[in-house]
Amino acid sequence: MGLKTALPKLELYLYTAVLYLAIIWAGTWIWEASSENVNRKVIKRSVKPGWQYFGRKMDVADFEWVMWFTTFRNHILFALTGHVIFAKICSLLSPKHRSLIYGLYGGLAVLVSMGWSFFGLVLSHCFILYTVARVKRKWVVFVAGLASLATFKFEPFNTWQEGFVTGSFHLQDILFYGGSGFTIIRCMSFALENCDKKDGNYSFVDLLKYNFYLPFFYFGPIQTFDQYHVQANNPNLTRKQREMWNITTKALLHLGVILFVDVFFHYLYILTIPNDMKLVKQLSDWSLAGLAYFNLVYDWVKAAVMFGVINTVARLDHLDPPQPPKCITMLYVFAETHFDRGINDWLCKYVYDYIGGTHTNILKELVATICTFGITTLWLGPCEVVYIWSFYNCLGLNLELWVAKFFSLPPFSNIEVAMGEAMSRRIRAVFGALNFWTIVLYNVLSLNSVEFAKLVGKRLIVQGFPLSFLSVLFVTYCGVQLVKERERKQALMEELEQAAALPTKPEEVGKQKAE
């Protein structure tokens, strides 16, 4: 209710001013904490000399960011650039066989970077799951696929398979876990799609072409087999109008974001400060709230940029890869919370939506979420933090449905109708604000630590009540209202597009001609 309901412009201007001033204010607190405590022992370990232009040290606590854009930047660029050049030449020479060419180049790159033993290990898992796919039983596919994935997550199987990696390349440990994990997920997608294929089976070559597409092989994102198979085997390589302009623009945008994040890390040590709990306990409530929020925003930015770089290469290959994850600022419901849209789409298609259906039945939703987060736990690697993260996110997803069901009953539904759509939107935004901070706390514990998440929750909800709690809640409420306004405009645009796409009735055409 109230999705297309507009609020007064003055009210929205107030919400915008409050939100941006609060973010700037919290940022200044964190900047002061970063500048004044740079010589603390814990912080010294994670800050290194940065750009000489700034004369400040830089937060390098995130290994993934440093790996992608500093330490192994040249290796990654070399591999992706080689793929783009090779793929372009071969696509021009033989567009009908480009998927095979992509697979051959990717397989050769994996062989060169990881060695024969790892290459053989990947092939063996592919062959096992291909054999299972021919049985055409989805439950057999899940048992075999999850068992294969478990061999990379539990001892002694994990250590035994690590022994297949030879060489002295420093990135090999990361490539091993990335390549093997994504291989199993891709093979499961292939096998599940083969179960739905009515006439015959897909070939083993189809699986290898799909799995060894180099841009997706090590770091994702996951594109389900049905989508990749159609797109990669499409001989029509014509581009839409302004498509290359859009690809170039997004590539430059990603470059700009990378530079912005590097500059940001010179002034706000948002990743290092949570590691120093003595310092964190001295910060104000606003600083803690801003620190938790900035950590989640950064994790979204990191995922959007890393997948964005890979997706740019995929679009040059005439593929339509999974979209970047939805910004954490735009989220106030658990159902839309994810940091990897590829894995999210995979889980939704084969598990969550398959079991949960329309997501209106409480029992089906409970079973669907338990199965979804059970597989997610195995994918991330079972440990205490992942168990806690999975439990609370599973609980949050179910609570949303329970609360929605409860308030849809009389007399609450009657009260909502009586109060009007504008007031309904405001009240729903209050619940959205509460839900937003639940999402933040449930996810920041996996990004930083359980101790940090508990401290933020305690300071905002218990010790900071009512002043800090209500002020942070009001700022969040302003943000949720702005998100709702954006959703309202998108809904109206989609409605106009749908209306424009409808065919004109013959009577109306006759009237127009008569006029």
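Glycine residues also receive a Cβ, built from the backbone N, Cα and C atoms like all the rest.
Record features (TrEMBL):
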{"type": "TRANSMEM", "residues": "12-31", "note": "transmembrane segment"}
{"type": "TRANSMEM", "residues": "76-94", "note": "transmembrane segment"}
{"type": "TRANSMEM", "residues": "100-132", "note": "transmembrane segment"}
{"type": "TRANSMEM", "residues": "174-192", "note": "transmembrane segment"}
{"type": "TRANSMEM", "residues": "251-270", "note": "transmembrane segment"}
{"type": "TRANSMEM", "residues": "290-310", "note": "transmembrane segment"}
{"type": "TRANSMEM", "residues": "427-445", "note": "transmembrane segment"}
{"type": "TRANSMEM", "residues": "465-483", "note": "transmembrane segment"}
In contact by Cβ distance (the transmembrane segment (12-31), the transmembrane segment (290-310); 3 or more pairs under 8 Å): yes
Result, the transmembrane segment (251-270) in contact with the transmembrane segment (427-445) (3+ CB pairs under 8 Å): no
Long-range Cβ neighbours of the transmembrane segment (465-483) (under 8 Å; 6 or more residues past either end): 7, 12, 14-16, 18-19, 22, 285-286, 289, 329-330, 332, 425-426, 429-430, 432-434, 436-437, 459
